[in-house]
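Student: One structure coming up, written as structure tokens, with questions to follow.
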């Protein structure tokens, strides 16, 4: 199933070649809610036109569609054109240190979403943000996606 973008007769729609499905965390404390609206405000303050991720998963496991998959995201410099970005709410413990803070609901939603995306883009690698930004010290998403989802 392909998602199609609206286009005028003057421009031709060219589907994106997806090579990576990149998982991120919002780098927010597990004990402080960070809504989709707060994420939008944060990204607008950083100069983005909208939320940089394609999907956002809140602690209750709700999946938010933030931008069409047919559009490049703004979530990992140098890889946006050929990737899909997924972010889960959290990633820091109550003291502000990197930690895998995914709730059971987030784990289920993320697994379901990755299963669907893997079916749609079977050649895409599932990676964590830090695995594409080796020159920058990052913990995001605070767990090893490649290992956890190797069987997908």
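Each Cβ is built from the backbone N, Cα and C atoms, and glycine gets one as well.
So TrEMBL lists these for the protein:
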type: DOMAIN; residues: 5-133; note: domain 'Peptidoglycan recognition protein family'
type: DOMAIN; residues: 8-142; note: domain 'N-acetylmuramoyl-L-alanine amidase'
Student: Grab the pLDDT values for the domain 'Peptidoglycan recognition protein family' (5-133) and give me their mean, rounded.
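Tutor: Result for the domain 'Peptidoglycan recognition protein family' (5-133): average pLDDT 89.
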Student: Using DSSP, what's the helix, strand and coil tally for the domain 'Peptidoglycan recognition protein family' (5-133)?
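Tutor: Helix/strand/coil tally for the domain 'Peptidoglycan recognition protein family' (5-133): 33 helix, 27 strand, 69 coil.
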